[in-house]
Amino acid sequence: MTQLKKTSVRKELRTEQPSIYSFELDEIKQWLTENGEKPFRAAQIFEWLYEKRVSSFDEMTNLSKSLREKLESNFVLTTLKTAVKQTSQDGTMKFLFELHDGYTIETVLMRHEYGNSVCVTTQVGCRIGCTFCASTLGGLKRNLEAGEIVAQVVKVQKALDETDERVSSVVIMGIGEPFDNFNEMLAFLKIINHDKGLNIGARHITVSTSGIIPKIYDFADQKMQINFAISLHAPNTEIRSRLMPINKAYKLPDLMEAVKYYIEKTGRRISFEYGLFGGVNDQVEHAEELAELLKDVKCHVNLIPVNYVPERDYVRTPRDQIFAFEKTLKSRGVNVTIRREQGHDIDAACGQLRAKERQDETR
């Protein structure tokens, strides 16, 4: 029987049977054809996976028994197990998922007036080394397969099924650097955006990067209508290098050139994430410098008050200073908002993922 392989995943990191969630519709059609089955069955399989969200291949009752047995022999549905689920006072939910090899990742469900947003993880750990973030404390263990990323959304959706709610948007801003796992991230995007997949609209999906410049050009060339964000966090090279060591490899001027290429190629505006760190990058003169950097750039700035991470030394910017920073940007014509804080009490806010678990492991 023909095995369906994805060359973008290193073989030694794969389970013996891959998750069927890792495969796009056309890839499943190919596998069906090569195994003597009708390709139209792929749409039925996708319906069972993403509309009915079954827990076993046996539940796919409009498929023949022999096909269900083939699926069972070649794939698993998911290797994610829910280890812990926490709920914040504001309704934010954090899921700790255990992977097939014992590693754990975190996924966050955020509730908004306009719907439910899921923040997914793309790597076990992170190699980028941002000096304010908990996710990078243990380094990078491995990349996730597309199916492990897709399964995060499916698992959260199944939790929402209990209250007849729906995942309405997805942000790729969890643990890891998405562009460090580029091919699997792209497969994930295509699966969740497909009308027979999770059918989440492109403009309801946001990808964020710390600034891996070659991949920004590659992503621009995809011409996807996905929302795109860059973790900027500084108005100049000196401060950005202090906060984000990646800036030493991928310089700020070169990053801004890549941003301009992306905007020209896609016609889309870009979002800049700007964490405010007390006494580091949060003064009015920093806002003036940021406005100058972003002059004539089609963009939006998200201001993020720093979240507490015990292993880090950064302090929160006072509230009145945050508003002064915002006011300065607005006066210079920069489109800007202050991000609403969510999940702070369960360590689910920006920069906090994996912090609590890592503390528990080292006790």
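Here the Cβ of each residue, glycine as well, is placed from N, Cα and C on the backbone.
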Quiz item: Hey, Swiss-Prot has S-adenosyl-L-methionine bound by Gly176, Glu177, Ser231, Leu232, His233, Asn307. Any idea which of Ser168, Ser208, Ser331 it lists too?
Solution: Ser208
Quiz item: Of the recorded positions Cys119, Cys126, Cys130, Cys133, which sits closest to Ser208 (S-adenosyl-L-methionine binding site) by Cα distance?
Solution: Cys119
Practice problem: List nothing but the one residue from Cys133, Leu232 whose Cβ has the fewest other Cβ atoms within 10 Å; the candidates are the binding-site residues. | Solution: Cys133
Practice problem: Between the Cα atoms of Leu232 (S-adenosyl-L-methionine binding site) and Cys126 ([4Fe-4S] cluster binding site), find the distance and write it as a whole number of Å. | Solution: 17
Quiz item: If you count Cβ atoms within 10 Å of the Cβ of Gly176 (S-adenosyl-L-methionine binding site), leaving out that atom itself, what do you get?
Solution: 29
Quiz prompt | Alpha-carbon spacing, Gly176 (S-adenosyl-L-methionine binding site) to Cys126 ([4Fe-4S] cluster binding site), which is rounded to whole Å | solution = 5
Quiz item: If you measure from the Cα of Cys133 ([4Fe-4S] cluster binding site), which of the recorded positions Glu106, Glu177, Ser231, Asn307 is the nearest?
Solution: Asn307
